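The structure appears below as structure tokens.
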Amino acid sequence: MERNGSAIGVDDDRDMIREPLLLKNRVNTTSQIAIVGANICPIESLDYEIVENDLFKQDWRSRKKVQIFQYVVLKWALVLLIGLATGLVGFFNNLAVENIAGFKLLLTGNLMLKQSYYLAFAALAGCNVILATCAAVLCAYIAPSAAGSGIPEVKAYLNGVDAYSILAPSTLFVKIFGSIFGVAAGFVVGKEGPMVHTGACIANLLGQGGSRKYHLTWKWLRYFKNDRDRRDLITCGAAAGVAAAFRAPVGGVLFALEEAASWWRSALLWRTFFTTAVVAVVLKSLIEYCKKETCGLFGEGGLIMFNIDNSVPSYNTIDLLAVILLGVIGGIFGSLYNYLVDKVLRTYSIINERGPGFRVLLVIIISILTSCCAFGVPWLANCIPCPANAKEDCPTKGRRGSYKSFQCPDGHYNDLASLLLTTNDDAIKSLFSSLNTNEFRIPSLVFFFFAMYFLGIITYGIAIPSGLFIPVILAGASYGRLVGRLLSPIANLDCGLFALLGAASFLGGTMRMTVSLCVILLELTNNLLMLPLMMLVLLISKTVADCFNKGVYDQIVTMKGLPFLEAHAEPYMRHLVAGDVVSGPLITFAGVEKVGNILHSLRMTSHNGFPVIDEPPITDAPELCGLVLRSHLLVLLKGKVFTRHRRLSGTETLKRYHAFDFAKAGSGKGLKLEDLDIDPEEMEMYVDLHPITNTSPYTVVETMSLAKAAIAFRELGLRHLCVVPKTPGRPPIVGILTRHDFMPEHILGLYPHIDPHK
């Protein structure tokens, strides 16, 4: 791996390329690329640092108390809107899925009652293919970045990684409707992961700070034209997405804290909690409205809430040993699941690279396979007599129920059809049910587990919005209930509680979350009495799985090539210092620089930041004035505040510009180099960079441990970290560290003799 001036002026955009693992055979023509959803695009870093230049200081000094109060009120108003919008979208998703899937299942069921088996299969498969094709076309042609879960992309964004269209309005549109079509098409996917991405997209849309393109640049929106405020709002959006998906407001806050966010503070905790509380109120109100049977086939159960047996669970030694066993099984199955998802994603990437048409074709193939499994596997099951004390109709009449007759005579039901020919939410409710221990036979649970396990693996990675929570819960609940059935003669816990613990163990083994998963599952099941056992099974499954590989979202972030900075430094970084990974030639500007020199540097590089060095006669000796951003240079050059001679002219710039003129544009709509119109005469003129230069950039001495520098870089949310010399008499800056410089691929490429494990 060769490196061309990575410390040079400097961003993650540069000639050296960090390739995603899924693109090893691709000829890379851009600066740095990654896979976002199913789309391949260049990526940049976000800058959470406050740019303390003269314009910022002037604005801060002139800001009145009423403006500060207005900013605080508006931020709370925005998180309120995020909660309202996410709650409404979450309800709409469930309403649409329940009605579309309900119509499909009713049609299939009625044809089965008439013994028109081939026609029933044609209706089921036909509906599934149509819905799957709609989702795939949206994803493949309109917003490829909407494919997949979206949680890895949101997690990377909150870590400081930006990519084109990751949170764009088109992505939001496709995420909503693609998720509806995909889940209603019967795929073994959930809408919970996409809801996190949806919430983040809603937050990004509301926090754009207006749009010059659509003339929505209201004065009160300008406060949020920076990465810091957008990051806070998107964190609230991600938490709101979990709250809307699971009806778990506290779980949403903890998910954002434990899994999504890389940077946290107490004020953000309050805002996320407020946002998820708003989501909970919105969903509760809408569900109460739907109890009047005004929502079609939605009924009361569209938003998943699994009310399991509320009796006090008593458990003996056998139960505790069984819980430990479930934890170990969940850890092993979870790590194997992650390994197989890794292999499938690498295989699908070869197909996806061939173009949108092949992506749609792959979705159709998986849809037909899923339909064949859902309709064909129940034929392997024998009919079971209806229980005498059943609390619901047996066999099931209409859309919802746990006793589907399928091909069985009156008074009998098919337990596999009850799990496969229904929505994923209803299948989970049936598995968590404690009403009838013998409702599902042991062979049926085995068949269902393998079907969910492998269908979940091969479905993730195709060009539809797809979450991993529901497939994992389905597979985990099936083997949990299986263990409960086997131990029912000697165990005190019933099968429904074992299914819940099995789902928890598999979730812990795949996603490696503990606190947030524990609270989400407790809120889902409305049973706080299971807390000790839930904690135990999650801790065991995570510990076992960590022995084999990383969590599924961490694996996907790595495979997609997203330059994610971990919370801890790698061990080998302690053997290196900051000066070891910066290199030249370093591109710098003088405090008063010739316009032609700036334009030439901007054309020749794609760096985002450039050091500004004051030299005599402005100062006695060369010294680092600060750092100037590419976007600020473009705005300054566009305004043409030039002088014919090299002199300080910052006062004129301060009179002409306001700090908001240099605010970050939303969704890549900022000035580009092509927008400048500089004539040859102006190329020989000078421009004073002092008013837009950040005079207090974060700096480290060149002898600082690279591990320390990496931790500081991540914790401060930086895009550039200046490296200064330890000894006098040298140039005032050695180089600049960016996110790319801390990536293992880059460091081990420079020093191949280093053992990455020491």
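Cβ from N, Cα, C; glycine included.
Just so you know, TrEMBL annotations never went through curation; they're auto-generated.
According to TrEMBL, the feature transmembrane segment maps to 68-96 (among others). Tertiary neighbourhood of the transmembrane segment (68-96): same-chain residues 176, 179-180, 184, 191, 195, 198-199, 202-203, 206-207, 220, 223-224, 229, 232-233, 236-237, 240-241, 243-245, 271, 274-283, 286-287, 290, 295-296, 298, 302-303, selected by CB-CB distance under 8 Å and a gap of 6+ residues from either end.
Sequence-remote contacts of a segment are chain residues at least 6 beyond its ends whose Cβ falls under 8 Å from one of its Cβ atoms, and for the transmembrane segment (117-143) they are 37-39, 100, 104, 107-108, 111, 165, 168, 170-171, 173-175, 177-179, 181-182, 184-187, 356-357, 359-360, 363-364, 366-368, 370-372, 374-375, 407, 421, 462-465. The transmembrane segment feature in TrEMBL is assigned to 117-143 (among others).
The transmembrane segment annotation in TrEMBL covers 163-189 (among others).
What TrEMBL records for 233-257 (among others) is transmembrane segment. For the transmembrane segment (233-257), same-chain residues at least 6 beyond its ends with a Cβ under 8 Å from one of its own Cβ atoms are 75, 78-79, 82-83, 86-87, 89-91, 154, 157-158, 167, 190-192, 195-204, 206-207, 224, 264, 268-269, 271-273, 275-280, 283, 303-305, 467, 469, 513, 515-517, 519-520, 523-524.
Marked as transmembrane segment by TrEMBL: 263-283 (among others).
According to TrEMBL, the transmembrane segment annotation covers 320-340 (among others).
Annotated transmembrane segment per TrEMBL: 360-381 (among others), in sequence order.
Same-chain residues lying 6+ beyond the ends of the transmembrane segment (445-474) with a Cβ under 8 Å from its Cβ atoms: 38, 132, 135-136, 139-140, 144, 146-151, 174-175, 178-179, 181-182, 187-195, 197, 245, 333-334, 337, 340-341, 344-345, 348, 352, 356, 359-360, 362-363, 366, 369-370, 373, 377, 380-381, 416, 419-420, 424-425, 427-428, 431, 481-482, 485, 503, 506-507, 510-511, 552. Annotation comment: TrEMBL describes 445-474 (among others) as transmembrane segment.
With a threshold of 8 Å between CB atoms, the same-chain residues lying at least 6 positions outside the transmembrane segment (486-507) that come near it are 306, 308-309, 313-316, 318-319, 322-323, 326-327, 329-331, 333-334, 337, 428, 431-434, 437, 442, 469, 472-473, 475-480, 513, 517-518, 521, 525, 527, 530, 533-534, 537-538, 540-541. Taken from TrEMBL, the feature transmembrane segment applies to 486-507 (among others).
The transmembrane segment feature in TrEMBL is assigned to 519-540 (among others).
The domain 'CBS' annotation in TrEMBL covers 692-756.
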Are the transmembrane segment (263-283) and the transmembrane segment (360-381) near each other by the rule of at least 3 C-beta pairs under 8 angstroms (pairs 6 or more apart)?
no
Let me spell it out: take the transmembrane segment (263-283), skip the flanking residues so only those 6+ beyond its ends count, and list any with a Cβ under 8 Å from a Cβ in it.
48, 75-76, 79-80, 82-84, 86-88, 90-91, 158, 231-232, 235-237, 239-240, 242-244, 247, 249-250, 252-253, 256-257, 303, 715, 717
Intrachain neighbours beyond the transmembrane segment (163-189), with Cβ under 8 angstroms and 6 or more residues off its ends:
34, 36-37, 39, 41-44, 89, 92-93, 96-97, 100-101, 104, 124, 127-129, 131-132, 134-135, 138-139, 142-143, 145-147, 150, 153, 156-157, 195, 197-198, 200-202, 204-205, 234, 366-367, 370-371, 374, 423-424, 452, 455-456, 459-460, 464-468, 470-471, 474, 562, 667-668
